Amino acid sequence: MFRMRRSERTRVMILLEDHNIRPSPRKSQHFLVDEGILDRIVEYGDVGLNDRVLEIGAGVGSLTSRLLKRSEHVYAIEVDSRLSEILKERCAQANVINADALKIDLPEFDKVISNLPYSISSRITLKILKSGFKMGILMYQAEFVRRITAPPGTKEYGRLSVFTQALADVEILESVSRDAFYPRPDVHSVLIRLRPKEDVVENKDLFLEFITGLFSNRRKRLSKVLGSMGYDVKDLDDEILDLRPDELDVSRIIELYRSLI
Ligand code: SAM
């Protein structure tokens, strides 16, 4: 007998209704239900059988179930225990971790592929960049992508732009309409690929501390900023000391860091 195939949107709505769950905007619970985009995310990730894939904020498993068709090692982190239970039922082969991704040590992984909870975009991106990831396929709010890709001299250019661009190549894959999600969010989304750059800095925590110090005084001259951070600047050129942190491009910031550390 002919059986109608359910769309992902219908499947997600039924799963939530059956479990009496109302999506919480505070937890960024906007589920990606566009099947074309879900399939393309897995393609962009070029997921292989032995890839250890990490998904942060796995929701009800729309992406997890697709990742499991390609890899035997999928780690799905989800903070909401009700959604984790659904995940365990729907994606029995996944390693479901019911936890706040910001509060745990991430499992060892090769690729991070996620429709991220936008409420933790900055902190989770720093955590991913500090990890030994090999590739990231990540969905963000469009405004956040403008921040991480911002060039010097713009108001969006800050420590997040520098840390991201210093440690990874960022490729914009597609912009995603609000209609691709249930419930529909207020913001537009953008899907990107991150590939780590090799051996830029040894101690990423120290590098982040350095650029955080620089950008907490972004409009002051470097002579002042570096002095207040406790660096001896007597060997630096006057030309650079006269600039402001947000006028330096990423390669000059790395050069400056290396010369001072
Ligand atoms: N990946 C699913 C999808 O594409 O349909 C859901 C994505 S939804 C944008 C974000 C998910 O992250 C929600 O299920 C939410 O409960 C979860 N979440 C929110 N904050 C989290 C955190 N700190 N750690 C782990 N998961 C979190």
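Every residue gets a Cβ built from N, Cα and C, even glycine.
So that you can see what the record holds, here are the features copied from TrEMBL:
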type    : residues                                   : note
BINDING : HIS30, LEU32, GLY57, GLU78, ASP100, ASN115 : S-adenosyl-L-methionine binding site
DOMAIN  : 37-198                                     : domain 'Ribosomal RNA adenine methylase transferase N-terminal'
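Features recorded in TrEMBL, as mapped to the structure shown.
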residue : record                               : DSSP class
HIS30   : S-adenosyl-L-methionine binding site : coil
GLY57   : S-adenosyl-L-methionine binding site : coil
GLU78   : S-adenosyl-L-methionine binding site : strand
ASP100  : S-adenosyl-L-methionine binding site : coil
ASN115  : S-adenosyl-L-methionine binding site : strand
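Around the Cβ of ASN115 (S-adenosyl-L-methionine binding site), the number of neighbouring Cβ atoms within 10 Å comes to 28. With all protein chains in the displayed structure included, the most crowded Cβ environment within 10 Å among the binding-site residues HIS30, LEU32, GLY57, GLU78, ASP100 is that of GLU78.
Site extent for S-adenosyl-L-methionine: among the recorded binding residues HIS30, LEU32, GLY57, GLU78, ASP100, ASN115, the largest C-alpha separation is 20 Å.
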